[in-house]
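Participant: The feature domain 'Ig-like' is assigned by TrEMBL to 218-313, 401-473, 503-603, 809-897, 1019-1107. Annotation comment: TrEMBL describes 612-708, 710-805, 906-1001 as domain 'Fibronectin type-III'.
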Amino acid sequence: MALRNSTPVSEAAQDATELSGLFLEKPESVVDMVFTAKVDSSSLQRKPTLKWLKGKWLDLGSKAGKHLQFKETYDRNTKVYTYEMKIVKVVPGDAGGYRCEASAKEKCDSCTFEVTVEERATFQTGILHNFKLLNGCQQIHNCPYMLIFLSLAVSISQSCALFHSTRKKKEEPKEEIDVWELLKSAHPSDYEKIAFKYGITDLRGMLKRLKKMKAVEPTKCDAFLRKLDSAYSVDKDKRIVLSVEVVDPNAQVKWLKNGQEIKQSAKYIFESVGNKRTLTINKCSLADDAAYECVVGEDKCFTEVFVKEPPVTITKLLDDYHVVVGERVEFEVEVSEEGAHVKWMKDDVELSRNESHKYRFKKDGKRHWLIINEATLEDIGTYHIFTNGGHSKGDLEVEEKQLEVLQSIADLTVRSAEQAMFKCEVSDEKVTGKWYKDGVEVHPSKRVKIAHIGRIHRLTIDDVKPEDAGDYTFIPDGYALSLSAKLNFLEIKIDYVPRQDPPKIHLDTTGNMVSQNTIIVVAGNKLRLDVEITGEPAPTVCWMKGDNVRTANIAITATEGRIRVENRKDLSCFVIEGAERDDEGNYTITVTNPAGEDKATLHIKIVDVPDPPEAVKCMSVGEDTATITWEPPKFDGGAPIKGYLMERKKKGSSRWTKLNFDFHTSTTYEAKRMIEGVLYEMRVFAVNGIGISQPSLNSKPFMPIAPTSEPTRLLVDDVGDSTCTLKWLPPERIGAGGLDGYVIEYCKEGDTEWVRANKDLVERNGYTVRGLPTGEKMNFRVMAVNVAGLSPPALLSQAVTIREIMEHPKIRLPRHLRTKYIRKVGETINLVIPFQGKPRPVATWTKDGQPVDPKKVGIRNSFVDTILFIRSAEREHSGKYTLTLQIENMQDSASIDIQIVEKPGPPVAVKITDVWGFNAALEWQTPKDTGNCDITGYMIQKADKKTMAWFTVYEHNRRTNCTVSDLVMGNEYLFRIFSENICGLSEDPGVSKGTAIIAKTGLQYKPSAYKEKDMNCSPKFTQPLMDRSVIAGYSTAITCSVRGNPKPKIIWMKNRVIIGEDPKFLMQNNQGVLTLNIRKASSFDGGTYSCRAVNELGQDEVECKLEIREEVKEEIKCRNQKANIKKNATFG
């Protein structure tokens, strides 16, 4: 396909844009199908509004989605807004005219451009000459100031774009050919020749449109008093009413949708009241975007209903995520419409379901999810979600996974044939590992068993043998970590010599003992202390904690089984199941026999995770930060506190986000990257060598918020003898805290004590400070106030002297009143003319030099403006109105030309001047009453005397004569003519006095003798130039006709200056019909235009005046209606 922007830009248009426009850059070129417009907002009081339109009225903002994408950015440094429109996968339906409109409160600007979509052809020289516009087949001539994108070739196989840019060479003016008119008048057998000659590719589609155009030619309709409008527009889920008025109040009507009859239901409601018939469509959906017909008998009327889809907004924003490698991430968002289309992007790259299924997309009603099953470091970035009316983003941070050892393996001492079991616990249950003995990997066997259950890893050795003693190590896979313990084999020595030995306690100081006779146990774990005892005879063992005594011969019940003593020969085992903090203390073991006594004291220390931190609270907030403090836990778990971990969440949400992975040692933390205006809650975890505590209580909800920036553009609006009026604009940054009002302060120059001028906050952007000392120099400053406090002050650049200032009168005449002001008869005229001056000026109005009659024209004056009001305009109100301002001996004046127009009268003296063959020649005279404006054309209709059905022959005919062709032989015809001006057609037509009878063939015609006539003559204009009044910004043409032999030379002049090779103008000569086309007329193009014809026999000259005026609202509405009717006739 080939795409281009075909809007020529002249130097005059560029200069006009620099003086009065808003655009810094207009969408004049096509690059990757992204159109860019830039708007300078440095001189605007509020953000500009920009619309992208296709054709005359279609707002593309309602069509945003996968095919059309819009983007808006703002540069605070340059105060420039950048708007982009992107068309994805261009289709032929994207061809046509586009318009970009930027508007603010006091300014507006617009520009137009066209996009043509064509089949890609081989790049040859001929394509440069055959490249034409889609609308009207107009060619661009003499455009040295504009680069035209001649082609943008899209290659699907190579996935690349090829751009060619060149300047079009100057060509001789060429006659414009209207292909539609050729097809209308051509025989069907000539259609293919015309298509080949003028490069028409879609001949079948054009013939379908031509058939529909012929079908909607105006005919006399007897069934309808008022038909349907050409088109209707309605928002989705809203109601629309289609109504017609019929002639017969008892007539039955049928309503059709896309050719299918509509049945009455709760959605479609029919109503019939008198002559009025209505169709009501409730809760319009996209399926109701269709063509509708109303049928009464054989008569029909048509319309189109366009359903605008509302933009989809985001009601629940994305949250930020802070996870470790391997964790699952779910970004969740909620939109305003069910089933809405959304687009997920990561760092400006669109996400899709790739082969590895890394990303999963899920939606349920209004909620949408982006799921990452196992996060990796490559997933770090900013994730965006876009709808056609909203955007949200969330950050994903992924940290390397760290493995924590919850329980290490301990040294073991076992006897022969007993069981030895090493056990450890890590933080991740998915982690696997290997066991080693003295550096050699241990493999499972009948005696050796390796188990992995959840986070616990076990190595069990049954029937221990002396060769099993050694150093055992567990190494987790993927981590630089190892856990080691020693297995001691206890040999049993048998003394065969019976003797008495005093008892002896043999304590093993390895294993859990961190120092001599001190054993550390993690709360919740099991403690089994095996104490070897020797002595003959076997000694008696007694365990004591404090004053409590537990002996082996005391039965231990099930309730007392948590702490127990198990005695065997030469061995006493002290067991604590599920150690608790109360079990901490000094334990004494005493062994006695007849040979003596031995005693040993052990200290058991219970360590646990710490208690949660206390008193978590927010001390201060900023724009996106908050400072949090807390108190350390009351109990540190018996081990020093290593640091703290923080989490936060939005109020009302159940998802907590980690703020740090490294331990934070201080009890004060500054949380960053928060969203201003959102309520948050915080909680803190304490960490020691054993583990992580329970979370603290949630802090009270707090909101990151900051004062606004200082007010902008502070200036003095007025100064009196004791008053000073200040004006300013709102701060550039307001934030989520909103804006409650302003505080105004003043002080004398040189003083440092500021005095507040207003007791209550001022909500407006202006204030008058009263009670100031006359003649003093005063300084002023203004501060904005919100819930976060006062903003920085905005100061005046210099002190203000309090004294009344004389100001000359000045009339601020609006731009649309600087040219002729045209209104229709019966309309209301309400002109507001602002002015300035001090003291208050005296305003007086005159009409054509005479005072205004207050009975006909209402005048109302105020301090700053004057209003001229006419309730119902009449033609007698036309004239020149002058406003004069007077202050003592100073004055200013301005004039306004008001022209009241109405429909013209009928043409007069309509007569048939000649009838020959199947043709009839008509002539008439201009109407006596032109409606106080120029006649723009005539509409000619014919009627067969048998049927008296009137059919339109010509529209907008500018001459006062015409020839009617293709009349039927043997019929007798009447003719009538309507005159037309800017208000429309005349109420009554001018009817021809006689009739035109088309004689039947078979009669002999005896021609008179032919006498050759001398055709040489001096130039003479047969149709003069007519004065024109056109709207600024639109193209226009002035036309005249000349005859002369030899063929005269034509010279066009503007204000008596010859028009040369100016690309603004296009001069054409078609069989003596001279046309001067003026592209996009501006106020500089107004003036007197003249055309001079010269040959060797003489010369002749005609002239006219061209007035350029601003477009009024009624003309815009009328023009849009005509454009919609023409569009419906063209496209069906």
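Cβ atoms are placed via backbone N, Cα and C, with glycine included.
Nobody curates TrEMBL annotations by hand; they come from automatic prediction.
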Participant: With DSSP as the yardstick, break the domain 'Fibronectin type-III' (612-708) down into helix, strand and coil residue counts.
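Facilitator: So the domain 'Fibronectin type-III' (612-708) is made up of 0 helix, 42 strand, 55 coil.
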Participant: Which whole number is the mean pLDDT over the domain 'Ig-like' (809-897)?
Facilitator: 91
Participant: What does the DSSP secondary structure composition of the domain 'Fibronectin type-III' (906-1001) look like, as residue counts for helix, strand and coil?
Facilitator: 0 helix, 52 strand, 44 coil
Participant: Based on DSSP, tally up the residues of the domain 'Ig-like' (809-897) by helix, strand and coil.
Facilitator: 6 helix, 52 strand, 31 coil
Participant: Looking only at the domain 'Fibronectin type-III' (710-805), what are its DSSP counts of helix, strand and coil residues?
Facilitator: 0 helix, 45 strand, 51 coil
Participant: How do the residues of the domain 'Ig-like' (1019-1107) split into helix, strand and coil according to DSSP?
Facilitator: 3 helix, 58 strand, 28 coil
Participant: Tally of helix, strand and coil residues over the domain 'Ig-like' (401-473) according to DSSP?
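Facilitator: DSSP composition of the domain 'Ig-like' (401-473): 3 helix, 37 strand, 33 coil.
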Participant: For the domain 'Ig-like' (218-313), give the DSSP counts of helix residues, strand residues and coil residues.
Facilitator: 3 helix, 50 strand, 43 coil
